[in-house]
C-alpha cells in the first residue's frame, strides 16, 4: 500500500535511505533450486556503482551485497531472499544548507507536503541510491530468466542531452562509461560532460532496453498488461519522465499499413509494437525507451522557498550525477527483468506454460 513493493508472484520490497546505515530489499517468490551466490549479484551492482568515472557522482560506495536469507548451499530455497548493501561514504553535512529549503525539480517539496517531514540527507528515500537494491533483485531475475527460457535483457544509451548516439554494436556498450553502443561518439560525450560539470549543471538522456528470447503469451489483458506493468516499473526509476514501447510516439505519424506488423510463416515482418500486442508478449523482442530528465541537484543558483514559504536562492552542494542516465542502463535492465519474471511465473500459474 505504501508503494515499496514491485510484483505479484515475484515480489521485491525495497527499503532504506541514501544516508542511513544500509539499503536493501526482500525478494519473495523466487523459485527454489536456482544456483545463486553473491558474485552473481555483485557483477550487476558493479555496473551501476557510483564513483566509477569522472562523469558520475564521486560518492565512493563499494556496494558489496550480503545475502542474509533464502539461499542454502548455493541454491535458492524458495523462501524470502534478504539482500543488504551497507552505506559507507555518506556526507550528510553537505546537505545542511537545504534542510529547510526545497530544491527546484526535486522530490523535496512533494515529500514534505505528503508526510509533513523529510530526510534531506542525500534526498533520503527519493535518492537514486535506492536503485542499488533494485539492481540486486534484478540480477536474480536475469539469471532465472536466462536459465529457464534463454531470455537476455540488455540496454544502452541512445541520446545524452542534444547528442544522438547512433547504434553501431552491442560490443561497444560495456567498453565505455555511458553504455553507448557507438565507440566513435564517446569522445564527444566526454567533452560535453566535462563542460557540463564545469558549468555546475545537469542534462537528461534517453535509454533503450531490449529483452530477447521470451516466448509469446506473457501478460494479462486489460489492467495487468505486460506493457502497462513495464511502464509502471520504469516510472519507478528516479528521473524517468517518459516510457514508450516499440515505435512509441513515432506511431502517431505512421499509417496502419506501416505500423501493424504483417505476419508470415517465418514470423512478424516488423516490430513497431515493441513485442507486445493486447498486453501480451508476441515472442518478438521487447523494446523499451526511457526519457530521463536532468538531475535536479546542481550548483547553479535557482529560486525556491523554505518551509515557511519565504523566497530563497538554492544551490545544491554534495556529490551528484550530472546525468542520471549514465548509470540508468543497468537499473532499467533490472526493472524489465523483474517485470518479465513476474509475468513468467503468473503465466505458469494460470496456463501451465
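Every residue, even glycine, has its Cβ placed from backbone N, Cα and C.
Annotated features, as they stand in Swiss-Prot:
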BINDING   48, 54  NADP(+) binding site
BINDING   125, 126, 127, 238, 239, 278, 293, 294, 295, 296, 297, 319  FMN binding site
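Location within the structure of each feature annotated in Swiss-Prot.
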residue: 48; record: NADP(+) binding site; Cβ contacts under 8 Å, 6 or more apart: 63, 131, 132, 135, 327, 330, 331
residue: 54; record: NADP(+) binding site; Cβ contacts under 8 Å, 6 or more apart: 193, 194, 197
residue: 125; record: FMN binding site; Cβ contacts under 8 Å, 6 or more apart: 16, 17, 18, 111, 119
residue: 127; record: FMN binding site; Cβ contacts under 8 Å, 6 or more apart: 17, 18, 238
residue: 239; record: FMN binding site; Cβ contacts under 8 Å, 6 or more apart: 128, 204, 292, 293, 294, 295, 324, 325, 328
Number of other Cβ atoms within 10 Å of the Cβ of residue 295 (FMN binding site) across all protein chains: 23
Conformational class of residue 48 (NADP(+) binding site) under the three-state DSSP mapping: helix
